[in-house]
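In TrEMBL this protein carries:
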TRANSMEM  12-32  transmembrane segment
TRANSMEM  44-68  transmembrane segment
TRANSMEM  80-102  transmembrane segment
TRANSMEM  154-187  transmembrane segment
Amino acid sequence: MCTGKCSRCIGITLFPLATCAIVSNILLYFPNGQVLQLSEITDLVWFFHGILGAGILVILPAFMMLGAGGAGCCANRCGVSGYLCMLLSVVLAVLGFAGGAYCAVISSLGLIGGPLCDTGDGEYLYPFRNDTLEDNYLFNQTTWSICKEPENIILWNIVLFSILLAIGVIEAILCFIQVISGLTGFICGTCMRKRK
């Protein structure tokens, strides 16, 4: 596949993924549509892994990938500016890879540690943070009843952190492919036909 076409396909794919990551991260602030006090929101949500990591840090290279795969200087490799354009595409793809990986790591920690919730005494705490992997709440749904407020907070967090984990992994893979493709295009040139 041409490096330009590969870049364009990856860039187009990254836009909806980044949008879903941003929306998922925002939804983590409002479990079941409830507005909570800042101190009642799970701490890992404040790392902005979906908004910043899998969102903004991936949208930037996606724009560049679309340019690299279009009819601009990257696709035509017109002299020094074409090489700089391809190199910038690679650098931004590395940034996108880092953003996707960051989102995947924070989402994994969010899934393992569990949500912040009220266990019935009016105090918000992390009831699952000290569990071993064998006793983890993810594998034992009977423990979910320990969280009284916000309602269905465990399911809410599991679904959204899982979505963010999947998006982060997919984005990291796509950006890594773009790094390889961009380096190939930088070293070997694209397969665009020279204009007559």
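Quick reminder: no glycine exception, Cβ is built from N, Cα and C everywhere.
A Cβ distance under 8 Å defines the sequence-distant neighbours of the transmembrane segment (12-32), meaning residues of its chain 6+ beyond its ends; these are 41-42, 45, 48-51, 53-56, 58-59, 61-62, 65-66, 96, 103, 115, 150-153, 156-157, 160-161, 163-164, 167-168, 170-171, 174-175. Long-range contacts of the transmembrane segment (154-187) within the same chain, counting only residues at least 6 positions beyond its ends with a Cβ under 8 Å from a Cβ of the stretch, are 3-4, 6-7, 10, 13-14, 17-18, 20-21, 24-25, 27-28, 31-32, 42, 49-50, 53-54, 58, 61, 65, 68, 74, 77, 83, 86-87, 89-90, 93-94, 96-97, 99-108, 110-111, 114-115, 117, 137-138, 144, 147.
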